[in-house]
Structures are given as C-alpha cells and as structure tokens.
Amino acid sequence: MEFPFDVDVLLPERITVLDQHLRPPARRPGTTTPARVDLQQQIMTIVDELGKASAKAQHLPAPITSASRMQSNRHVMYVLKDTSARPAGKGAIIGFLKVGYKKLFVLDDREAHNEVEPLCILDFYIHESLQRHGHGQELFQYMLQKERVEPHQLAIDRPSQKLLKFLNKHYNLETTVPQVNNFVIFEGFFAHQHRPPAPSLRATRHTGAAVIDPAPSAPVRKLPPKRAEGDIKPYSSSDREFLKVAMEPPWPLNRAPRRATPPVHPPPRSSSLGNSPERGPLRPFVPEQELLRSLRLCPPHSTARLLLSTDPGGSPTQRRRTR
Ligand SMILES: CC(=O)SCCNC(=O)CCNC(=O)[C@H](O)C(C)(C)COP(=O)(O)OP(=O)(O)OC[C@H]1O[C@@H](n2cnc3c(N)ncnc32)[C@H](O)[C@@H]1OP(=O)(O)O
C-alpha cells in the first residue's frame, strides 16, 4: 500500500507501534525533519487508509480502525512496512494489527460468567497482494512478544475465517469456549489469565520507558453465576458494535431468529455457540414466515391484514379452521 509521502522515512523501523497519541517515531539521524504536525498528519492518513482497506477486506460497512478512533481509545496498532519497496519509490505498508485491553464477561467451560480484561485482537489486515507470505505471522509474533502474552490468553473480536485458519495454523488454536458475545476465546484461556498492566504501566508500555510488568497471576474474577444478560452486554461490547447502528433494520425486522442458524462456513471444528465468527450482517434478517407470525400478533394493523391475505398458508377459511 503506497502513499504520496515517503513512508520509509516516516516509519524508520520495519514494525512501528502506534498508540492513541499517533506520534511520529523518532527519525534517523541525518534526515531532514518536516514540521511535526505534518508528520502526524501523515501517520493519521496511513491509519485511516489501512482502516478502510481492512474494512473492505472484511466486507464491513465502515472502518473499525481510523485515526480518530485510535485517538479516542487506548488501542495499540502494529504497522508493518515493506522494507523491499524502497528502491521502487517511497516505501509501502504491508498491513497492521490492532490490539487493546477490554473488560469482558466471558463464559468458562462450566458456563459461569467471569469478568476478565484480556488483550483483544481488534483488527488485523495484510494487503491482498501479500497475504499468505508470512507477514501476518511476523506481525502477530512481534505483538505477542511486545505485549508479553501467549496466544491462548487472547480474546478475538469476531474473527474472520482467514483469521481462524491463521490462528489454527500458527498457534494451534482450535477449540473455542462457547460465548454469548462476539468475542472468541480458545481452550486454555482460563489456565493462566494474563493480567492487564496497571494504568500507569499502560501509559508507558509503548513509550520505551523501562517498566517491569509484575509476574502475571491468575485474576479471573468469578461473578455470581446468574447475572442478567443486560448487565453483561455493555462491558463485553465489541469494537464492531457501532456498525450495528448502521446495519440494523427497524422492528420487527431486527428480531434475531429464535434458533441459532448455522454459519454458511462454520469455523473449523469450532464449538463456538453464540459467537459470530462470520462476517457480514451482524443480525440476520428474519425469514418471511416469521415476519408474518409477528404481524399476526397485531391483527388491527392494515399491513398485517394485507399480508395475511397473501399468506401462502392457505385460504382465509383454512386459516380460521387451523386457529
Ligand atoms: C479480529 C479481526 O481482525 S478479524 C479480521 C482478520 N482480517 C481479515 O480477515 C482480512 C483479510 N485477511 C488478511 O488480511 C490476512 O489473511 C490475515 C491478516 C488474516 C493473515 O495474514 P497473512 O499474512 O495472510 O498470514 P500468514 O501468511 O502469516 O499465514 C498464512 C495462513 O493464514 C491463513 N490464511 C491467510 N489467508 C487465507 C485465505 N485467503 N484463506 C484461508 N486461510 C488463509 C491460512 O492458515 C494460511 O496458511 P496456508 O497458506 O498454509 O493455508
């Protein structure tokens, strides 16, 4: 992915870590330094363009990664540069990985709710022309080392099929623990729950300050088992939640079907009931028959009468007999 400015000079390292400040990294000695504000603008352009490309690749209606969303969240973005592209022009970007700590309520294998704050994979994209060349793994591996976290300690926000395959191939992550939110966690998640750094550590984690993270303990906090789901959702909200607003049709079309419909391409040997590893509409549209049923509940409505008169279930007499 190329830009009208010199990416190679802007991002001297192969992998650049960006936090909410979107600060341009220190430049190599000897390079001329444009105004800092221009450099930050260039960083913001890169983040915005990567976010758009990722959304397109995942068929999302809007980017979940942008400069403004980075600035208003404590997320961290790992940006991978193409070091071989230098002779051809102004350098290029291969892709990015965005992570962040999130408070979640997750179910363990006994279906008890646990309040945790794991590191979450929020967005991940490698340019189409460079996928399956090992770049994704290079970026992921770098992130694991920097964040000092094991793959099974991560929570993944609505992983795509490609990402599920990626995790399976490189990290042997296969068996999921069924959840009721959009996050996917894998077997082993509860074995050694990673402890999020204290706020002061978070602030300095990526600024190069030498702060030693204390040894992780296992702070998976158990909650009373029968907590109402309404209490749980706000904490476990996916970063993709805001997309629902744009995509959701009005009532009664927004009613989720009572039975979970199997995904078109189920995740490989996954048991993630209630998860939504599939991309595409966040809530499927209700089938026509279910719509008719819900309209029958309010017979005085003229639309209901009109629709019922064309119900393929039979003539009005037959319907009356059935009732
Ligand atoms: C929480 C989220 O971010 S979900 C969104 C994840 N992002 C996307 O789906 C966007 C489109 N996909 C991509 O950008 C990339 O394919 C990524 C980020 C998922 C993986 O990056 P890559 O550089 O392709 O991964 P890398 O080369 O290290 O590993 C390749 C493995 O990933 C998986 N993979 C990558 N692309 C595909 C694909 N098109 N179909 C199936 N599996 C794939 C496979 O396991 C593959 O191994 P294989 O080639 O032996 O089958």
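Each Cβ is built from the backbone N, Cα and C atoms, and glycine gets one as well.
The acetyl-CoA binding site annotation in TrEMBL covers 124-137, 160-169. Look at TrEMBL and you will find 226-243 tagged as compositional bias 'Basic and acidic residues'. As annotated by TrEMBL, domain 'N-acetyltransferase' applies to 1-190. Feature annotation from TrEMBL assigns N6-acetyllysine to LYS56, LYS146. What TrEMBL lists as region 'Disordered' is 197-287, 303-323. What TrEMBL lists as site 'Crucial for catalytic activity' is GLN58.
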Legend entry - recorded positions close to ligand 1 - of LYS56, GLN58, HIS127, GLY136, LYS146, only those whose C-beta is under 6 Å away: GLN58, GLY136
Legend entry - GLN161 (acetyl-CoA binding site) versus recorded positions LYS56, GLN58, LYS146 - nearest by Cα: GLN58
Inset, instruction - Determine, to the nearest whole angstrom, how far the Cα atom of LYS146 (N6-acetyllysine) is from the Cα atom of GLY136 (acetyl-CoA binding site). - result: 15
Inset, instruction - Could you say whether, by DSSP, HIS133 (acetyl-CoA binding site) belongs to a helix, a strand or a coil region? - result: coil
Legend entry - pLDDT averaged over the residues of the domain 'N-acetyltransferase' (1-190): 92
Legend entry - recorded positions listed as HIS127, LYS146, least Cβ neighbours within 10 Å: LYS146
Legend entry - LEU164 (acetyl-CoA binding site), number of other Cβ atoms within 10 Å: 22
